[in-house]
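To keep things clear, I will list the structure first and then write my remarks on it.
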Amino acid sequence: MTISNTRDITPELIEAHGLKPDEYQRILELIGREPTFTELGIFSAMWNEHCSYKSSKKWLRTLPTSGPRVIQGPGENAGVVDIGDGDCVVFKMESHNHPSYIEPYQGAATGVGGILRDVFTMGARPVAAMNALRFGEPDHPKTRHLVSGVVSGVGGYGNAFGVPTVGGEVNFDKRYNGNILVNAFAAGLARHDGIFLSEAKGVGLPVVYLGAKTGRDGVGGATMASAEFDESIEEKRPTVQVGDPFTEKCLLEACLELMASGAVIAIQDMGAAGLTCSAVEMGAKGDLGIELILDHVPVREENMTAYEMMLSESQERMLMVLKPEKEAEAQAIFRKWGLDFAIVGKTTDDLRFRVIHQGEEVANLPIKDLGDEAPEYDRPWMEPGKHAPLPASNVPQVEDYSAALLKLIGSPDLSSRRWVYEQYDTLIQGNSLQVPGGDAGVIRVEGHETKALAFSSDVTPRYCEADPFEGGKQAVAECWRNITATGAEPLASTDNLNFGNPEKPEIMGQLVKAIEGIGEACRALDFPIVSGNVSLYNETNGQAILPTPTIAGVGLLPDWSQMAKIGGMQDGDTLVLLGGDGTHLGQSVYLRDLFDRADGPAPFVDLALEKRNGEFVRSAIRNGQVTACHDLSDGGLAIAVAEMAIKSGKGATLDAGDGLPHALLFGEDQARYVISATPEMAKLIALNAEGAGVPFRILGTVGGDRLKISKNVDVSVADLTQAYEGWFPNFMNGELTGNN
């Protein structure tokens with residue numbers, strides 16, 4: 001039976017593929033004829049935002065991407081950074097937002113699967129995962145179902161695959177009611193001489209399909225991920241892929257074994273737009289053409305058309321260019337792991353992307369125009385408006401600061417995430433030194449006595465909404481600060497830029513200014529961006545998400561015996577605030593959660609201060625002077641010391657300092673840390689801080705079972721712990737809504 005690959009190309013069909021009339025005109029001019037149905041699908045997949053970055057490319061080029069430790073920057077499946085001794089860390093963050101809203105379990109699971117593949121396709125064994133999740137307001141009827149599905153999906157895939165989840169974020173805001181965010185991060189370890197790239201080399205060489213069979217799942221997924229949602233969202237369920245972590249585990253082992261055999265010339269995982277994107281990227285990067293014969297593609301469904309095979313996003317698949325003499329050896333490895341291995345085409349020297357099905361040519365397109373020379377836009381953008389200054393004296397005070405602290409520490413955004421991370425395997429592989437719940441996750445580097453890596457993921461979307469430039473800076477600074485607070489040296493970062501519709505100048509303005517802020521902070525902090533992902537059109541019925549440029553970073557600890565945790569303080573220790581007192585309440589959680597206001601500017605990020613204070617803290621930790629360390633962020637000083645008290649199970653008696661109590665307690669000024677140390681060490685730290693020009697203040701002493709701050713706060717650590725640990729399980733059990 002012959003499967004029909006033809007359909008009439010109508011304006012409706014073109015629009016359904018997300019192609020604008022001018023883009024279709026460009027296709028006609030490029031190929032000099034009407035495209036086939038398969039070709040239309042290929043253009044639609046390769047020219048959408050998800051694959052081409054057409055709206056953001058111009059601005060992404062401005063980011064700092066190189067540094068003394070950077071081995072591979074953006075443009076590959078993941079970034080590669082040197083960690084010494086011939087080892088490198090390979091990492092990236094990527095979104096799976098749209099699929100996770102439609103089908104939370106599979107959407108999140110395949111997001112984890114996709115990012116793990118990005119790491120091991122480079123030749124690295126995954127050693128750590130994180131996920132940054134944003135949901136709608138807790139009261140929204142869908143939120144609990146989405147949280148439950150996404151967390152189960154992330155855990156179900158990561159746990160079965162066997163990678164520890166070491167960190168992440170979970171936040172709630174009504175602006176995510178119609179579009180949740182699932183940003184998945186993975187990191188792996190490799191040797192310098194064992195890094196594999198996706199650039200095809202050599203003509204007439206076999207192109208090999210590896211892994212699971214191809215089905216109809218996920219057809220059109222990349223196109224869906226580049227569109228806004230509306231009322232027809234339920235119809236999009238078939239565009240969500242289905243993942244199998246056990247197949248992926250076999251694929252990992254088979255790929256690493258194959259790489260060790262010397263058979264691999266180039267390798268690319270099949271992610272968005274499946275076979276189309278992986279083949280085009282490999283060919284275009286190597287300035288080669290690719291010919292595919294679809295009759296050789298392993299399929300698990302009958303009568304699949306060329307269009308379906310080319311655009312399927314079935315999971316756990318790879319494409320590779322192979323050394324011909326190694327074919328038998330390569331095939332034996334994949335058969336051993338129970339995976340498909342099929343030669344589905346060859347490299348050519350004519351820069352054409354040719355697809356053959358049932359003996360007929362169903363696509364013949366210029367490969368460069370699909371790949372690195374795809375359309376690029378310089379979209380109009382508007383400078384975001386600025387908030388007027390908001391002095392702390394203009395912000396109302398609360399009558400009862402103890403009650404305010406209990407309310408904030410037990411709020412949806414600041415309470416413990418234990419309910420989430422207890423569903424993840426945080427200890428598998430046996431190298432975890434710090435699990436979620438602190439400033440950064442830390443794992444030992446296998447094969448080294450003392451070396452460890454620290455990981456954090458951060459962004460404060462409400463700051464980005466108020467001021468995308470400062471918000472972009474702050475996301476980088478907080479990630480850098482969290483890594484620093486363990487004693488690690490931040491090495492490099494990856495960005496996951498989640499925004500609304502870039503065709504709206506105000507949204508495009510948010511993206512442009514956030515990238516500017518990120519770039520400025522990365523340059524100032526020597527924290528280059530080595531990989532990343534952009535997710536646009538996160539809007540439903542015209543309502544955009546908060547601008548959310550998530551930054552994930554990796555840091556290096558030369559000796560993990562000199563490492564700080566947030567829960568390490570001991571009775572009798574002195575607590576020291578480094579970096580100055582709180583003054584800034586604009587865009588604070590104090591204003592938002594106690595007064596339901598989003599007023600004032602985001603806090604200013606002084607990058608020179610950030611660097612100086614951070615380097616001071618890091619050296620104190622590495623010199624063994626510190627028993628605990630925590631950076632200040634949401635909720636300021638009061639929340640930071642409350643978390644330290646909860647994690648160490650100890651109280652403290654502190655002096656809030658001179659000034660307005662709400663600003664001293666809850667101000668969100670940046671570049672600040674609280675450390676604990678023995679009284680003798682605290683004196684030395686104070687002396688050193690004075691010499692280094694780092695503002696400091698002795699806060700008080702650790703001890704007892706209550707947290708007392710001046711005359712304002714007096715609350716038991718038990719009550720703090722109950723509020724902190726209670727919100728999430730109670731919410732998931734249906735016992736409460738938003739803010740109680």
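Using the three backbone atoms N, Cα and C, a Cβ is placed for every residue, glycine included.
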- request: From the candidates LYS20, LYS92, LYS451, LYS565, give the one listed by Swiss-Prot for the same ATP site as TYR53, ASP495, GLY532.
  value: LYS92
Binding-site annotation, Swiss-Prot, substrate: partner of SER95, HIS96, ASN97, HIS98, GLN241, GLU313, SER314, GLN315, SER535 in ARG117, ARG335: ARG117
Message: With every protein chain in view, what's the tally of Cβ atoms within 10 Å of the Cβ of HIS96 (active site, proton acceptor), excluding that atom itself?
response: 32
Query: Among the binding-site residues listed here (GLU94, ARG117, ASP269), which has the Cα closest to the Cα of ASP495 (ATP binding site)?
result: GLU94
Field: Shell of the ATP site beyond TYR53, LYS92, ASP495, GLY532, same chain only (C-beta within 8 angstroms of their C-beta centre)
entry: LEU60, PRO74, MET93, GLU94, THR494, ASN496, LEU497, ILE529, SER531, ASN533, VAL534
- request: Using only the residues recorded as binding ATP (TYR53, LYS92, ASP495, GLY532), report the maximum Cα-Cα distance in Å, whole number please.
  value: 16
Task: May I ask which residues of the same chain, at least 6 positions away in sequence, place their Cβ under 8 angstroms from the Cβ of GLU94 (Mg(2+) 1 binding site)?
output: GLY111, GLY114, ILE115, ASP118, ASN183, ALA184, ASN496, ASN533
Task: Spatially speaking, which of the recorded positions HIS50, ARG117, ASP269, GLU313, GLN315 is closest to LYS92 (ATP binding site)? Use C-alpha to C-alpha, please.
output: ARG117
- prompt: If you count Cβ atoms within 10 Å of the Cβ of SER95 (substrate binding site), leaving out that atom itself, what do you get?
  reply: 27
